[in-house]
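First up is the structure itself, then whatever we jot down about it.
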Amino acid sequence: MNLLALPSELLLYIAASLPRAKDILSFVLVSRTTSALLLSSLYKFNIQRQNSSALHWAARYGKLHVAEVMLHHHRHHRPDVNAVYHTYTPLVYAAIHGSESIVKILLTMPQISVNFQNEQGRCALWCAALQGFTKIVKDLLQHPDIQVDLPEREYGLTPLAAAVVKGHAPIVERLIHIGRANVNAPDRWRRTPIFHAIRRQDSAILEVLLADDRLDLSWRDGLGRTPLIYSVLKGQTVLTKMLLGHPQPCVDIRDPDNRTALWHAVHQGDEELVQLLLDSGSDINARDIEGATPLHLSIRQENMSLVQKMLSHLRRDHSTATPGVNHGVSSEPPPLCLATSQGSEDIVRLLLDHDWNVNEVDAEGRTPLHLAAENGDRPVVRALLNHTDVDLHARDQWESTALHEAAKRGHLAVVKLLLAEPSIDVNAKDRNGATPLWWATRRNHNSVAARLLAKPNVDINAVGQFERPLADRSTSLHHAVEGRATLVIRLLLLEKSLDPNILDHQGRTPLGWAACQGDVETVGWLLTRRDIQVNAANQNEQPPLWLAAWHGHIQVVRLLLQCRDIDINQGWGGYVPPLLAAIIAGHPDVAMTLLACGERLEINAQTYQRECALSLAARYGHLQVVDTILQDHRADRNSVDDEGRTALWWAAHEGHIIVVIRLLEDVDVRVDIKDHQGADALKAARRQDHFGVIDLLRAHQVGHRRDDNLQK
């Protein structure tokens, strides 16, 4: 039987019983009759069993006829116009693919969800705005339920922001003017649409945004930047000019580092932007988190042109700053101090030409002249000295003058410039009593010291009064002697006003230092002064002879011994006299030189442990010294120390056999003296296993007993 001969009702029943759409489609395509009869069954199947996917297909490919059939030809089986297929509704599909006719017909459906958002948060209006479909955006905006500011979820962009990002100016205009979209809606990074327009360098969109009276130019993005700062950072001169044309451009709002748009323009060296911002009233004195103003920044960059612009602006608008006053003390030095410390001579002159305060001070109280002198910057020093108001006598927080700074660092050329000033105070003292000469000699700047000494009435006896970090109460002569600065020493010694006997913090005079160092030449020069004191004046002073003996400088010892008034027995405070010092320090040649002084020498002088020269020499094995002392009839051969030990005891204990022999040759040396532990010389030798000494002492005792028996 022919299938097509069946009644229509039966054919419809057969079509309704088929399980798959493609089976129904095959049936539809059998003939024109089946097509006309059964096509509605195919749509019905799609609506009931396939979630109205045919409507999604029609929306994607712009098939208006299919959409109309689906929407209007099935009164009892209407499709779900909000059905979701691959996360999109038919309306979103149509918006994405620009199917204007489909959008229009879908919007007529009363149940349409015009604000549906998929998993990414994208709605039909967002998609149309992103793709640039102006007509679709217009139709969507006419729907009474449309929400114009729904953001997508990944970046937080609203439809307006999406249109700006893609540069669709007509859509931007429609969203604002028709939809009243929020022009200040921030995205995930707190950027409003205007930031995206600036990033795109899109002047057309920027103009549309600026025309909206709701626009907030004080808004800061996630990095704390305003649209104006962002535009400056992007180097957008045209856009920046447009922003500045806004009634409220917010020129002085600051970023998290307290920096304004002007600061950033200067940092980038963009002169055109700087001029635009200055003309718009930007605050030239706005300090950033480090205390730097735009003027500071231009000086640091040594950008003469920008500095000139800043100063010209200051001159035009005296309400912003007054160059004639001190510009504060912060972590950033004031402008002239900054230019000076950088050695920027041209900028220094430019500032001075604009009536800048030549005596402004930094946080440490230093003026530009201090800084230039410290740096040894002769051209800048000259420029500052040429200013009529410069203060040569200005003091910093340490009470130092510019001359102190130049002398301290050995800048001879600058010292000469300063000394040429008639009112210069060459003897000014800082907080620690140091003069420029004192600093020059302390730092071994001998040419500077010589130049200062050429000035009349210079204070050559200034004593430093330093306590921290180390004590220092020295004079220039101390420094010169310690540093062996021949020229300075001779120049100082020529001065009648010199006091060569001042003690420093270590209790030494300059002569003491020369003796300590073994500087024979300097000792000789110092001894030519009639007022030189060769002996210690008090217990705190280290005698020159004692120092020379302790350090073994025999030539200095000989030179000092030629002085008629020398006290050859003077020690330092409670310390030993020179003879004992020489023996203890291991300088037997010095000891022999002192022993040659004969009766003047206290041969039996003792240490605080009651050790005499003979005991010490025997202990350390100095045979020649022992022999010389034994030849002195004044010497006490059997002197005992605090432990009851004699010279022989020590020689035996240390195993100095030759010294023991020499001591035993002296008939006045006793071998039977015991120390406080009951040990005589023989027992001391036994403890140390000095067998040669033991044999000597035993033999001596046996011989001594024989002599006693013979005498009996």
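The backbone N, Cα and C atoms fix where each Cβ goes, glycine too.
Within its own chain, the repeat 'ANK' (257-289) is flanked in space by residues 226, 228-229, 231-233, 235, 237, 240-241, 244, 249, 251, 295, 297-298, 301, 303, 305-306, 309-310, 313-314, 320-321, 330, 332, which lie at least six positions past its ends and keep a Cβ under 8 Å from the stretch. Per TrEMBL, the feature repeat 'ANK' maps to 257-289 (among others).
In this model, the repeat 'ANK' (331-363) carries an average pLDDT of 96. The repeat 'ANK' annotation in TrEMBL covers 331-363 (among others).
Per TrEMBL, the feature repeat 'ANK' maps to 364-387 (among others).
Marked as repeat 'ANK' by TrEMBL: 398-431 (among others). Panel annotation: around the repeat 'ANK' (398-431), residues 367, 369-370, 372-378, 381-382, 385, 392, 437, 439-440, 443, 445, 447-448, 451-452, 455, 457-459, 462 of the same chain, lying at least six beyond its termini, place a Cβ under 8 Å from a Cβ of the stretch.
If you look at the repeat 'ANK' (432-465), the same-chain residues 6 or more away from its ends with a CB under 8 A from one of its CBs are 398, 401, 403-404, 406-412, 415-416, 419, 426, 472-477, 479-480, 483, 485, 487-488, 491-492, 495, 497-499, 502. Marked as repeat 'ANK' by TrEMBL: 432-465 (among others).
Sequence annotations record features per position, and here TrEMBL assigns repeat 'ANK' to 506-539 (among others). Using a Cβ-Cβ cut-off under 8 Å and counting only residues 6 or more beyond its ends in the same chain, the repeat 'ANK' (506-539) has close neighbours at 475, 477-478, 480-482, 484, 486, 489-490, 493, 498-500, 545-548, 551-553, 555-556, 559-560, 563, 565-567, 570, 572-574.
According to DSSP, the repeat 'ANK' (643-676) comprises 17 helix, 0 strand, 17 coil. The annotation repeat 'ANK' is assigned in TrEMBL to 643-676 (among others).
Listed as Cβ neighbours of the repeat 'ANK' (331-363) (distance under 8 Å, sequence separation of 6 or more from its ends, same chain) are residues 287, 290-293, 295-296, 299-300, 302, 304, 307-308, 311, 314-315, 323-325, 369, 371-372, 375, 377, 379-380, 383-384, 387, 389-391, 394, 396. Beyond its flanks by at least six residues, the repeat 'ANK' (643-676) meets 612, 614-615, 617-623, 626-627, 630, 637, 682-685, 687-688, 690, 692-693, 696-697, 700-701, 704 of its own chain at Cβ-Cβ distances under 8 Å. Sequence-distant contacts of the repeat 'ANK' (364-387) (same chain, six or more residues past either end, CB-CB distance under 8 Å): 336-337, 339-341, 343, 345, 348-349, 352, 358, 394-397, 400-403, 405-406, 408-411, 413-414, 417-418, 421.
Per DSSP, the secondary structure of the repeat 'ANK' (257-289) breaks down as 16 helix, 0 strand, 17 coil.
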